[in-house]
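Once you've had a glance at the structure underneath, I'll fire off some questions.
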Ligand code: ADP
Ligand code: ZN
């Protein structure tokens, strides 16, 4: 194995002269593996390599793909140096792309190779595209004698029926997956002469056309769009908060920035918190620019990922819309980044490399010298404070487009306006629902809790059904007839008898989930067309889109939804939004609980009255005097932010202070405890730097691993990474124990 030749996260300048002592030509290659350093390799005769080139190199017995990170360091003797095996025919990773990998690694304290893995996530994309075998159904073909028409074979043929009428050919893998059979079934049909083979070239997306005119903008919108355009054309780094109420035309405005980037021959990247939920956004983009953007998210097939990655690298994709991982695509010349719903906590990646995509996007813009717009009606406090202090510019859109008014928000005080026993909708909300339905309009009930009931207990002995792998109650899903753990995915049947005391028929559901609200709605309004909209009742983006369209066509009267519903959808006939439990997010000691609750409820409220009819929002709460509820009712966004900011400042919490968490986990609780204690003793402490813990994590058992947390708190001016690096170096961590570092934590579970 080649020796490591470089440490630290800073790339060596590519222009450094080779050392005269080393007669061989060598390069440092970073590999997409959890490695802290790039390794030296020899450049074989006849090969030309520059920084950013994708190469294949030997690593022990394996061949791995890597990226030329800089000149070799020359510390390994020539005789022991292995040679680069081949160079891929792909445009090299740009300097900005490589600096970004190094920067993310240094900031999040993740090995650079591990971050690189996100940037070369589809190695197959480096190989030249192969035409793919696909099939059509052959017209009038008869099965040969003795060929048995089994059910799987019939299903495959049925899938291909539409190809007789001009439907697209399908690959064997697609057919096997859709028909739920093995590939051999498809091959058997082909050998029997029932299918027509065709060779497919990778699909090319149409190119969005910036010449197409957008809508005529209002004066406010025009000023905002011109400001963004100028930033894009200047080609310099800046961060702008695009701050405007829902429906003020923020999307129309940032389309202008995208158009400006395309005009410059550059690419645009739009990040959305949950791209799989954003069918409406994609349709709208296609209508505006005449062609869809390229999508990048976890729902893509392997072939789509490969084609998209390659097309982006070759500069054939002008606009990418994606989830956080889209930041790591190989853009040749990015001209603008848009982060829509920038406050959304889905931007925080909590597994693997732990990073916040909004913050990393700002770093990417800085390193690439390009403007970035953070877009929200309810910005994160971090961004708000940066805009208030002029570190970020602000563009405001104060009014809803076309004079639509913001909905009226009423608080329903559950202490007085009580629902009947084992029911959850207060009399005033019931009355509002009745009126809305009578007026031929739509209503939505929002409860951010999937399933039927969050807790099941025995009425005889009080036993509560808990997950054996996690510190969590099992959630009853009555439609699926199961108890489920929402953390590890464990499922088990609902017991008839209590597993503790053995009494039969005593297990009772406690509290509501959306399924239980749907039951109450059916009881109250048996005639109404109602449906649940939650991630586990809708399978995949297509199902969500169908539901959204069906609501838009007014085929439903009442929608009972979780936060899947809260996102940017636009329903003109929806005039009433009832929030079943507005207090839900406020429990559980999270630093951002109030902020998040405010943002979520504000966004949910924004679903009402998006058309010509005014909207009405009712929040059921036990705490009507809470600042979050007061601010929502008064429409006093900035008042809420100010209060929240004062409290954070007082406590030295973000964005005025810095936090970093260490999560110690392992299967052996004693060992976990011992390591956590050792880390506690070795913690850095000074007048300004404090370490809290170790304490059992609220999820002290997760997927069978025991967890302890330590939290470092420091002033904003402190660089926490070197402190943590020194801290960890003082403690020996046994291999059975994992210590995760979470810089700027958002989850405290
Ligand atoms: P936001 O992103 O701030 O929520 P949108 O850009 O989605 O706002 O605009 C809300 C609605 O108003 C959309 O249906 C949009 O097409 C429409 N709209 C906004 N600005 C204009 C405009 N200048 N002309 C026509 N329609 C507009
Ligand atoms: Zn579990």
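Just so it is clear, glycine is given a Cβ too, placed from its N, Cα and C backbone atoms.
Residues annotated as Zn(2+) 1 binding site in TrEMBL: 458, 461, 498, 501. Summarising the annotation, TrEMBL assigns Zn(2+) 2 binding site to 467, 470, 485, 488. Marked as compositional bias 'Low complexity' by TrEMBL: 10-19. Residues or ranges marked as domain 'Helicase ATP-binding' in TrEMBL: 231-397. Residues or ranges marked as region 'Disordered' by TrEMBL: 1-21.
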When you rank 467, 470, 485, 488 by Cα distance to residue 498 (Zn(2+) 1 binding site), which of the binding-site residues ends up on top as the closest?
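Result for residue 498 (Zn(2+) 1 binding site): the nearest of the binding-site residues is 467.
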Looking at the binding-site residues 458, 461, 501, whose Cα is closest in space to that of residue 485 (Zn(2+) 2 binding site)?
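Among 458, 461, 501, 458.
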Going by Cα-Cα distance, pick out whichever of the binding-site residues 458, 461, 501 is nearest to residue 470 (Zn(2+) 2 binding site).
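That would be 458, nearest by Cα distance.
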Would you count the other C-beta atoms found within 10 angstroms of the C-beta of residue 488 (Zn(2+) 2 binding site) for me?
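Step by step: centre on the Cβ of residue 488 (Zn(2+) 2 binding site), count other Cβ atoms within 10 Å, giving 16.
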For residue 458 (Zn(2+) 1 binding site), write down the residues of its own chain that are at least 6 apart in sequence and whose Cβ falls under 8 Å from its Cβ; none is a fine answer.
464, 498, 500, 501, 503, 506, 507, 508
For the binding-site residues 467, 470, 501, work out the Cβ neighbour count at 10 Å and name the residue with the minimum.
501
For the Zn(2+) 2 site (467, 470, 485, 488), what does the 8 A shell look like? I mean other same-chain residues with CB within 8 A of the CB centroid.
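So the additional residues around the site are 468, 469, 472, 474, 486, 487, 489, 490, 702, 703.
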Sequence gap of 6 or more, Cβ distance under 8 Å: name the residues on the same chain that satisfy this around residue 461 (Zn(2+) 1 binding site), in order along the sequence.
498, 500, 501, 503, 506
Among 458, 461, 498, 501, the binding-site residues in the record, which have a C-beta under 6 A from ligand 2?
none
